[in-house]
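Engineer: Here it is, the structure, as structure tokens.
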Amino acid sequence: MNEHSDDVYVRARLRNQFGYMTWVPEYVEDRISSKKGILQRYEDYQQKQAKAQEVKTDSLVKYEGAKDVPRNLLRIYRGEADTSALARYEEVVSQKPQWHAPWKLTRVINGHTGWVRCVCVDPVDNAWFATGSNDSTIRVWDLATGKLKVTLQGHIMTVRDICISARHPYMFSASQDKLVKCWDLERNTVVRDFHGTLSGVHSVDLHPSLDLIVSAGRDSVVRVWDIRSRSCVLTLAGHRGPINKVRCLPVDPQIVSCSTDATVKLWDLVAGKPMKTLTHHKRNVRDLAFNPTEFSFASACTDDIRSWKLVDGQLLTNFNSEALGIVNTLACNQDGVLFAGGDTGELSFFDYKTGHKFQKLETTAMPGSLESEKGVLASTFDRTGLRLLTCERDKSIKIWKHIDGATQDSHPGLPWNPSLVRQRF
């Protein structure tokens, strides 16, 4: 390699490695100077002196440079240091959480004889809701009055999940008896049974645009069923533990599932395999909640709630969820409020965008119940987002609403202490 080609190589390497920098490291300058002749180095020195004399200053004493100041401090002063952490902190501080009105208990509904495990609100008229329980029954309640409308019997074990169709008069239920049942809400009878699951079914959901339902449970497999033919059209295997929750979307990823193997999987329904596996959680992931106003969702495990961007599964926010204990349920409304309920009976309300917990309540066990039976097992907001329904171990359903007339001055909420922890992977 001749001298000319060597010089071209050095210049190209300097441009690629240091072209974006406003200063060049001293060791690089020394190597460059060592290759220059005496006359060229003298000319460079004269040019630097001429530029220094052209700098105008109002100071009375000529600045001769810092002598005893460490080099890293000089770089910070000159703005040459890596300020990524500082920039991130300033970004966190600038994103102040939105104020939300506090919530209070307004109604307690009793009727089940076992733990209430699931709840779903009428997606059409927002006039009634259904609950499933350990007593193997499904009960339909009037949302305005809290009165029982009908009791559906057909399962022989715990009813773990319910979903209601917005296009057809059907309701689907999943149970520990290995069955998924389709209920005709006009006749209040079972019209279809979906057989084939090898163990208890923990979750069921209806596809928003296709005549398909998706179920998952203890056998660690997600199954896709054709409603009309009652046949299993697709089996999605990949989880290494029982699946706690499965949810459907009208676009990719059309299926999202979470499991006791501490993972969340985003499934490609056409390819029949996971698009993405989220492994950020360290423990059993118990529930998922989609944001109704943006394309993202939240997931929860013990002492850890995170939100994710779809489609790529990018981590958005680490919620301020320390010391929450086991989180059993999540729910999100249109106002950006994320609710979390767990085994300890604590009800936590978060600002979805910033992850700030603005209110903390504690549910009260019903008279005659044990203190350990005040845990929250399931929850959902109604279609307006103004009422929260919680299902609890004390066999009750509780309805929560905003405090009337609350303002930011009268109810400021819990203090906001921003940190970089919520953005950490």
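Each Cβ is built from the backbone N, Cα and C atoms, and glycine gets one as well.
Found this in Swiss-Prot, in case it helps:
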REPEAT    111-151  repeat 'WD 1'
REPEAT    154-193  repeat 'WD 2'
REPEAT    196-235  repeat 'WD 3'
REPEAT    238-279  repeat 'WD 4'
REPEAT    281-320  repeat 'WD 5'
REPEAT    322-360  repeat 'WD 6'
REPEAT    371-410  repeat 'WD 7'
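What's the neighbourhood like for each of these?
Structural biologist: Per-residue confidence over the repeat 'WD 1' (111-151) averages 97 (mean pLDDT, predicted model).
When DSSP labels each residue, the repeat 'WD 2' (154-193) comes out as 0 helix, 22 strand, 18 coil, counted as helix, strand and coil in that order.
Counting same-chain residues at least six beyond the ends of the repeat 'WD 3' (196-235), those with a Cβ under 8 angstroms from any Cβ of the stretch are 157-158, 160-165, 170, 172-180, 182, 241-250, 254-255, 257, 259, 267, 269, 272.
Here the repeat 'WD 4' (238-279) has Cβ contacts under 8 Å with residues 202-209, 212, 214-222, 224, 285-288, 290, 297, 299, 301, 308, 310-313 of the same chain, all six or more residues outside its ends.
Non-local neighbours of the repeat 'WD 6' (322-360) in the same chain are 95-100, 102-103, 286-293, 298-305, 307, 374-381, 384-386, 388, 390, 392, 400, 413-414, 416, 418, 422; each lies 6+ residues outside the stretch with a CB under 8 Å from one of its CB atoms.
Through the fold, the repeat 'WD 7' (371-410) approaches residues 99, 101-110, 112-123, 126, 129, 131, 133, 141, 143, 146, 292, 328-335, 337, 339, 341-345, 347, 362-365 of its own chain, all at least 6 residues removed from its boundaries and within a Cβ separation under 8 Å.
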Engineer: What residues in the same chain, six or more past the boundaries of the repeat 'WD 5' (281-320), come closer than 8 Å to it by Cβ-Cβ distance?
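Structural biologist: Cβ under 8 Å, 6 or more out: 241, 244-245, 247, 249, 251-253, 256, 258-260, 262-264, 266, 275, 326-334, 336, 338, 340, 350, 352-357, 385, 421-425.
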Engineer: Helix, strand, coil residue numbers for the repeat 'WD 5' (281-320) per DSSP?
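Structural biologist: Split by secondary structure, the repeat 'WD 5' (281-320) comes out as 0 helix, 21 strand, 19 coil.
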Engineer: Please list, for the repeat 'WD 6' (322-360), how many residues fall into helix, strand and coil according to DSSP.
Structural biologist: 0 helix, 22 strand, 17 coil
